[in-house]
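K.L.:
Summarising the annotation, TrEMBL assigns transmembrane segment to A:68-88, A:100-119, A:125-145, A:157-177, A:183-202, A:263-284, A:322-343, A:355-374, A:395-412, A:418-436, A:448-476. What TrEMBL lists as domain 'STAS' is A:504-623.
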Protein chains: 2
Amino acid sequence: MAKVQEIHHNGVNLSTQRGFVTKLKSGFKEALFPDDPFRQIMEEEKKSRRLIKGVQYFIPIFEWLPNYSLRLFFSDLIAGLTIASLAIPQGISYAKLANLPPLIGLYSSFVPPLVYAVFGSSRHMAVGTIAAASLLIASIVSTVADPIAEPTLYLHLIFTTTFITGVFQACLGFFRLGILVDFFSHSTITGFMGGTAVILILQQFKGIFGMKHFSTKTNVVAVLEGIFSNRHEIRWETTVLGIIFLVFLQFTRHLRLKKPKLFWVSAIAPITCVVVGGVFTYLVKGTQHGIQIVGHLDKGLNPISIQFLTFDRRYLSTVMKAGLISGVLSLAEGIAIGRSFSVTANTPHDGNKEMIAFGLMNLFGSFTSCYLTSGPFSKTAVNYNAGCKSAMTNVVQAVIMALTLQFLAPLFSNTPLVALSAIIVSAMLGLINYTEAIHLFKVDKFDFIICMSAFLGVAFLSMDIGLMLSVGLGVLRGLLYLARPPACKLGKLPDSGLYRDVEQYSNASTIPGVLIIQVGSPIYFSNSTYLKERILRYIKSEQSSSGDMVEHVILVLTAVSSIDTTAIEGLLETQKILEMKGIQMALVNPRLEVMEKLIASKFVEKVGKESFYLNLEDAVLACQYSLRTSKPNNNEDTV
Amino acid sequence: MAKVQEIHHNGVNLSTQRGFVTKLKSGFKEALFPDDPFRQIMEEEKKSRRLIKGVQYFIPIFEWLPNYSLRLFFSDLIAGLTIASLAIPQGISYAKLANLPPLIGLYSSFVPPLVYAVFGSSRHMAVGTIAAASLLIASIVSTVADPIAEPTLYLHLIFTTTFITGVFQACLGFFRLGILVDFFSHSTITGFMGGTAVILILQQFKGIFGMKHFSTKTNVVAVLEGIFSNRHEIRWETTVLGIIFLVFLQFTRHLRLKKPKLFWVSAIAPITCVVVGGVFTYLVKGTQHGIQIVGHLDKGLNPISIQFLTFDRRYLSTVMKAGLISGVLSLAEGIAIGRSFSVTANTPHDGNKEMIAFGLMNLFGSFTSCYLTSGPFSKTAVNYNAGCKSAMTNVVQAVIMALTLQFLAPLFSNTPLVALSAIIVSAMLGLINYTEAIHLFKVDKFDFIICMSAFLGVAFLSMDIGLMLSVGLGVLRGLLYLARPPACKLGKLPDSGLYRDVEQYSNASTIPGVLIIQVGSPIYFSNSTYLKERILRYIKSEQSSSGDMVEHVILVLTAVSSIDTTAIEGLLETQKILEMKGIQMALVNPRLEVMEKLIASKFVEKVGKESFYLNLEDAVLACQYSLRTSKPNNNEDTV
């Protein structure tokens, strides 16, 4: 379609219509490329420069490595050593959460950080396993394979889950579908984290009390029942040790909050617990007093696991479910964490690149005996505080982990389980963000409900149900908005002559005989009947409150950025109903997309272009003029 | 919360906060009572008058019957006779579509119209069975009960389905959940009707060709295969008869379109076909020439069927599915039809009352051997053209149907099936609304896709899948809007000083150093990241196109009617990022709900109330002033 010459009436552009391809392109760009990623590549004039820029865009290491210096490396070395010291106990503990051999947790801190260092866009992200996703995967996969009865099958299914997560995340990034991650709201994540923390803490009572039998379910009631029914197994030796570790860890956390410079104390506290606990257990022969230990650990780097990926029909749907849910969840969390640190430090961060990086690290992870990794909050915060400068910290972490695996692994076999439990409890206590929940309650009751549904759903039903319930409520909120986008009545402010919501500005006064309604956006099938009823109700209440007959209804369309054909039919219907009541309808400032459709559907022809105004003031003056001329005797004094 | 005194800054009301109960009440009212139904009742001062008004509200017959006159009755009698003549062939044919005995179709035009006459709010609605829903129910229920092998079970399940539809529809009306019906867009219904019409027409080839075996499936491929594989059964006698009937019916339809006054010719054409066909078949002993007839019909009114309702676990989920889908579908269609006629004639129509009336008529219908009824388009249009004045036409229809059932039913046993098939084909040809599909294509491509997905889904997959696919696409469109509500850049129009979209008004000019963005509504979790990226992109493209450094970003919030906590965090993040780039952010005209949350979340405190403006012009002037004072040498000439 060629662009015709602009035709204006009352200043309204009644002609500009974009061609179909233009509209499609613009819609496509807004939906999938809102950050316009290729602009900087396309701006280069030389082809060779473009190629370099393109490679640098897709593989960020080529962007920062050429400018990397020894001074930066020194900072990264310190930070890398710190996060590696955290990675060992976290790797072992979270692997236990996922019912996996402890070595898998250590393997997961070797390959994925290396992959992230190449593809990741954030400078602060520290890659590692995460508690919530570990538990989530375990709770889903263990429905089809028992981790104790069929450990090999279970392990292979976990690798397959990781593979699916990787492919899924990389595809999301490649096809720029970050739009999916957008539907995990901050409220959902807060609630989900809190709920997960509660059940994780309760589960750790097994380790802290030194119990041997426990509930395999992950909801509060089942876990409490499990503790209660096995209470004869509680060992005081382990319990005392657990409480000591916990008090120590919590003390270092508070120290960090009070004196941020001493962050390293809390950072090395977990590895201290592991080392001290291991030495202590060895010295007092703790295993004879009921203190359970990690047990035998092999030396050696990650074995290849690509041959273990199983796409058996019997398990495929479960594995897919676990992979997709944990994939979206770990992305939503990881991206949010990365973004918040990059905002604080004013460093680059690109959601779509992160998705590709996360995807590739899980993909390669699934080939090398790793399970799901992401950017855990605690590790990333430590990394940031330790003064990391680039993704090189992840390389340092990986190298240390490789040395550990190659030479030191057997030393960790003496680690008491109670130390790991204390580490998890201490980490989880920081994730119950009750101040955020209170904040949500104060600011937005619906967000509070979304948050609490995730929290309670996770705590009392199951992790996946809680998560989906909360996301579902978020979508429901959106649909409710679509069904009832708020309209408001405008009045004139005394001094400025501006028209504003009469409910918001009590000094705004209405104009006798003229009703001004600002319509909410969008007008779609889902609210076209509502809009009609709302307008009629405004007319009724206007007439019964002021006693004036409404003779003009002005619909301010400034806010309406989108309309569909059902809604256009509805507007026509409204206009007909108003006409029968002797009321004129005027439309003010329709926006581009709306105007295009009103023209294409012949709405403008049917209603008449004289009903359109660019400016509300003009519309009001026209209405007042028409009132005066139609009833000179009645209205002269009121206008 | 008490209402505090209003505090203004730059004219923005920074204090008004509604209490929680006020907000909840207003939200509740908008969602469920947008038409404010009890206003007229509550306005009455006397209690006894209120009671009368209340009864009249819930049972509309008490409203119109007291003022009913003999003159009105005469009009209704004519209309009632006309629709009754249509009800007999339609009742028999549509019952065949639902694989039910023909008598059930006739019963369904006796009890439900009586119930509707008492509770219905529309004056033009003619109650009866509908083709699409008949086929839909049959296609779902026959998956668990074969209508030929287990006719009794099948019949009982159909009654149960009708019962569930009735309860569901009445509940929707009682709890004012018309909001659900809003999600069936005009495009969905157009496509669904067209798709249904296509498969119904194809299915009628069985009757027209006089075949004995046929496909039981309802998609185009299966039906065509059915015709092809049984082609040896085609009888020329029946085919000739069918073509004659079809030509006659189509001729009368065209007559009506050309000369609307002769509507009665097309109205009585179907019963003419039935009578002429019956007499002809009897005279030529047509059954010996392969002309199939309806067969034995009992005399007598509707038998009670309440004892046949079965809630057996084995069938419950299927029956529920059939009841809910056909319930929502028939409501969406019936309400849309009733509304369109009431708009044309300027008569009352109330969606929620209609839902209760439809629900009760199906509820009582299920107790008295009826199946699903609604307001079919053809019958209602005939009713309207015949000059109906009130729901009394339905009483007339019911009385005539009762007389027919009591005395004339056996006469219809000779009706040839081919006549019924011709009647269905003729009715369905009117439902393939290809002009509407073309209109959708021209106006809104997405609506066209929604329409075609229903059309193709119904025609090539199955009715329920087609319907759900289309509704799902509608919801997806809504979610896509929520994820990417369009923003636009504003510029100043030369003469009026108004600020409008620069893409829409090519003469609007931007202000050097100041970027004005009108934000789309709502700002929710689903688009808070997008909004941030969109703003940063505007800044980049502004700087690269004009060469001016952007130093001020003004966000116009006029359109934003809703916000959530994730979005508030996002706005704060955006402000921080802009601040680091040395860009000031200003906010113009936040609306009531948005302002309340910005205050409650301490956003206003953090950003500073001096960043808020009531009027865009003021904000622009303030930015220009700040530009001038900060760089007196560079900018003096450009400002």
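Each position is counted from 1, following the chain as shown.
From the backbone N, Cα and C atoms, a Cβ is placed for every residue, glycine too.
Computed from a predicted structure; not experimentally measured.
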K.L.:
Cβ pairs under 8 Å with the transmembrane segment (A:68-88): which stretch of A:157-177, A:183-202, A:263-284, A:395-412, A:448-476 has the most?
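P.N.:
The listed stretch sharing the most Cβ pairs with the transmembrane segment (A:68-88) is A:395-412.
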K.L.:
Are there 3 or more C-beta pairs under 8 Å linking the transmembrane segment (A:418-436) with the transmembrane segment (A:100-119), counting only pairs at least 6 apart in sequence?
P.N.:
no
K.L.:
Compare A:125-145, A:395-412, A:448-476 by their Cβ pairs under 8 Å to the transmembrane segment (A:322-343) and return the stretch that comes out on top.
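P.N.:
Selected stretch: A:125-145, with the most Cβ pairs under 8 Å.
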K.L.:
Please list, for the domain 'STAS' (A:504-623), how many residues fall into helix, strand and coil according to DSSP.
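P.N.:
For that range the per-state counts are 63 helix, 21 strand, 36 coil.
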K.L.:
When you check the transmembrane segment (A:418-436) against the transmembrane segment (A:355-374), do you get at least 3 Cβ pairs under 8 Å, counting only pairs 6 or more apart in sequence?
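P.N.:
These two stretches do not touch.
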K.L.:
Most CB pairs under 8 Å with the transmembrane segment (A:157-177): which of A:125-145, A:183-202, A:355-374, A:448-476?
P.N.:
A:355-374
K.L.:
Between the stretches A:125-145, A:355-374, A:448-476, which wins on the count of C-beta pairs under 8 angstroms to the transmembrane segment (A:183-202)?
P.N.:
A:448-476
K.L.:
Across the whole of the domain 'STAS' (A:504-623), what does the mean pLDDT come to? Round it, please.
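P.N.:
Result for the domain 'STAS' (A:504-623): average pLDDT 91.
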